[in-house]
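S.K.: Structure incoming, see below.
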Amino acid sequence: MKRENQSSVSEFLLLDLPIWPEQQAVFFTLFLGMYLITVLGNLLIILLIRLDSHLHTPMFFFLSHLALTDISLSSVTVPKMLLSMQTQDQSILYAGCVTQMYFFIFFTDLDNFLLTSMAYDRYVAICHPLRYTTIMKEGLCNLLVTVSWILSCTNALSHTLLLAQLSFCADNTIPHFFCDLVALLKLSCSDISLNELVIFTVGQAVITLPLICILISYGHIGVTILKAPSTKGIFKALSTCGSHLSVVSLYYGTIIGLYFLPSSSASSDKDVIASVMYTVITPLLNPFIYSLRNRDIKGALERLFNRATVLSQ
């Protein structure tokens, strides 16, 4: 059904976070600090992996791409949110809104596929250790990353092109801090049945299929760990998978809470808070999870500091 007062929308208004005006300064400082830590922390992970030859392995190859994706995902939404807090200008041009939506979907999907590739890498390393170097060659790693980029781009582009066909009503207020696809569809005056079909089929598949692959990989890993002949083998396997499993639990736990649990009357605020979790909090915590729980990363960090100390003398 078409709404009244249909018009051509040139810009949208983002309502930002559900916080009181007197809290703006506190939250601006908080989110600015978290964003800077996210960028610097993930850049440090990338730098360590590039500079330290001990980290030139498939697992850290995928981790470097995940760190870059985390930086990009936060950069799609957080700077605009901070600018709105500082200037009180909540408007965003139509083209800018569609562009933000595209890259948000793109990097969210890319996170899913990279986490799946990392789970497969851990599966091969633990379940088939003697064949690990034979299977996880550079060509396969590059192929997995390339396919992840292509699938993410294709899915994001399909949603963007379908959205571009829609008309929007006079109501241009988005109850979110970024241009969320579902929120945009609610503002449309056009028939959105095709958009909803793509979301519930392709969109859901992009979330559920990688998660199923990760669960299957860790199911095989769990069986292998239980069959390990010594306690040392079990602890080594757990330390190898611990960081990745923590990130997977944090990321997909938020996604499941957002899309699969029953909605409440404050569903709009719930969506905003959940979005903050996987666009701000998860990218922020990932470098700490990998540096605190991974001895290789901590060793590379120590070697980098020692090298810097020697050069400064």
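Using the three backbone atoms N, Cα and C, a Cβ is placed for every residue, glycine included.
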S.K.: With the domain names in Swiss-Prot as our guide, do ASP16 and LEU301 land on the same side of the membrane?
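M.R.: Taking the topological domain names from Swiss-Prot at face value, ASP16 sits across the membrane from LEU301.
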S.K.: Helix, strand or coil: which one is CYS189 (disulfide bond) in, per DSSP?
M.R.: coil
S.K.: Any chance the transmembrane segment (101-120) and the transmembrane segment (196-219) have 3 or more Cβ pairs under 8 A, given the pairs are 6 or more apart in sequence?
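M.R.: Checked: the transmembrane segment (101-120) vs the transmembrane segment (196-219), in contact.
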S.K.: Going through 58-79, 196-219, 273-292 one by one, which has the most CB pairs that fall under 8 Å from the transmembrane segment (26-49)?
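M.R.: Per the Cβ under 8 Å count, 58-79.
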S.K.: If we count other C-beta atoms within 10 Å, could you say which of the disulfide-bonded residues CYS97, CYS189 has the fewest?
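M.R.: Ranked by other Cβ atoms within 10 Å, the disulfide-bonded residues CYS97, CYS189 bottom out at CYS189.
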S.K.: How many of the residues that make up the topological domain 'Cytoplasmic' (293-313) does DSSP mark as helix, as strand and as coil?
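M.R.: Across the topological domain 'Cytoplasmic' (293-313), DSSP assigns the residues as follows: 19 helix, 0 strand, 2 coil.
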S.K.: Average pLDDT across the topological domain 'Extracellular' (260-272)?
M.R.: 61
S.K.: Taking a Cβ cut-off under 8 Å, which residues six or more beyond the ends of the topological domain 'Cytoplasmic' (293-313) line up next to it in the same chain?
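M.R.: Result: 44-45, 47-49, 51-52, 54-55, 60, 239, 242-243, 246.
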